[in-house]
Amino acid sequence: MNGTEGPNFYIPMSNKTGVVRSPFEYPQYYLAEPWQYSVLCAYMFLLILLGFPINFMTLYVTIQHKKLRTPLNYILLNLAFANHFMVLCGFTVTMYSSMNGYFVFGQTGCYVEGFFATLGGEIALWSLVVLAIERYVVVCKPMSNFRFSENHAIMGVAFTWIMALACAAPPLFGWSRYIPEGMQCSCGVDYYTLKPEVNNESFVIYMFVVHFLIPLIIIFFCYGRLVCTVKEAAAQQQESATTQKAEKEVTRMVIIMVVFFLICWVPYASVAFFIFTHQGSEFGPVFMTIPAFFAKSSSIYNPVIYIMLNKQFRNCMITTLCCGKNPFGDEDASSAATSKTEASSVSSSQVSPA
């Protein structure tokens, strides 16, 4: 074996020289140079510096502006809330650990950080599933004139948390485990060992199939059908130009969110799957560290995409930041332009940007 397995950790280095130490007790500078840990620390500080205000303002602006409290926005707010929690409970832990060169919070802290990282990623994924289904049902109309109501949105939010907990919680109760990964400063599910004592193999397979492949299949199916429907409607002029434009704008925003999710998480999932299917193979600590830390940037991009592509929300954000006044003076126009179709809360033939 090219790694060293301990009772609650796995170090991607053989202990032939006797230098390997527990990542909960000693700095791991034999895995990487101290400056590399400093880079990780600076990166996490940047994510906190950006992620905290962006997600907080997304929540605050929506609470302050009643017109933004629409059904589809509940799902997007759910994303912001989960990301905010990740920043506070996960990123701060990882930053401090990187500063010290090892996971200073012990095994309990590792479970906490791993849980919130997994929970946040899964809430994001299942929220995108709910958004994809909403887009499919509203635009493709398989259920005739379906209206995405507040009750549907609440059920969608509850569904994302149930599915995310079904993925993140089992390691807390003995099915698999959370261990330090890569350079041993952040924690995640144990992809490195089979660990029969905690039935690790079955959990990793369950996680990949139920909480990664199936959601992606649903998302690609919904958007595949949606693209075909939009093209057919445009060709046949079945909807008004305003409605078609509104549907396309909402769909574009959600598709961009999906693309960025894939950019952030597919490298991590691919590396994890490779490690799991090549037990004992040789790989360096940076091999898992880079995709793991890159995946954490997902806490920032959804609110940014939402703010960039949603004129109504962007104007409300500017108004809030400027103490109730919009220096660009187009808030009312934006509100009027979107009031007909905001957030899929009207009939299925009238959909606009959330």
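Note: Cβ is positioned from N, Cα and C throughout, glycine not excepted.
Since we're looking at a predicted model, the values are computed, not measured.
As recorded in Swiss-Prot, the features of this protein are as follows:
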- 334-354: compositional bias 'Low complexity' (COMPBIAS)
- Asn2: N-linked glycosylation site (CARBOHYD)
- Asn15: N-linked glycosylation site (CARBOHYD)
- Cys322: S-palmitoyl cysteine (LIPID)
- Cys323: S-palmitoyl cysteine (LIPID)
- 331-354: region 'Disordered' (REGION)
- 1-36: topological domain 'Extracellular' (TOPO_DOM)
- 97-110: topological domain 'Extracellular' (TOPO_DOM)
- 174-202: topological domain 'Extracellular' (TOPO_DOM)
- 275-286: topological domain 'Extracellular' (TOPO_DOM)
- 37-61: transmembrane segment (TRANSMEM)
- 74-96: transmembrane segment (TRANSMEM)
- 111-133: transmembrane segment (TRANSMEM)
- 153-173: transmembrane segment (TRANSMEM)
- 203-224: transmembrane segment (TRANSMEM)
- 253-274: transmembrane segment (TRANSMEM)
- 287-308: transmembrane segment (TRANSMEM)
Taking every protein chain in this structure into account, which of the glycosylation sites Asn2, Asn15 has the most other Cβ atoms within 10 Å of its Cβ?
Asn15
Taking contact to mean 3 or more CB pairs closer than 8 A (sequence separation of 6 or more), are the transmembrane segment (153-173) and the transmembrane segment (74-96) in contact?
yes
Go through 111-133, 203-224, 287-308 and flag the stretch with the largest number of C-beta pairs under 8 Å relative to the transmembrane segment (253-274).
287-308
Within the topological domain 'Extracellular' (97-110), count helix residues (DSSP H, G, I), strand residues (E, B) and coil residues, in that order.
9 helix, 0 strand, 5 coil
Reduced to three states, what secondary structure does DSSP give Asn15 (N-linked glycosylation site)?
coil
State the count of C-beta atoms found within 10 angstroms of the C-beta of Cys322 (S-palmitoyl cysteine), not counting that atom itself.
11
Cα-Cα separation of Asn15 (N-linked glycosylation site) and Cys323 (S-palmitoyl cysteine), in Å?
59
If one measures from the C-alpha of Asn2 (N-linked glycosylation site) to the C-alpha of Cys322 (S-palmitoyl cysteine), what distance in angstrom results, rounded to a whole number?
57
Work out, from DSSP, the number of helix, strand and coil residues along the topological domain 'Extracellular' (174-202).
6 helix, 8 strand, 15 coil
Sort out the residues at least 6 away from either end of the topological domain 'Extracellular' (1-36), same chain, that have Cβ-Cβ distances under 8 Å to it, and list them.
100-104, 106-107, 110, 177, 179-180, 182-185, 190, 192-193, 280-288
List the helix, strand and coil residue totals of the topological domain 'Extracellular' (275-286) as derived from DSSP.
5 helix, 0 strand, 7 coil
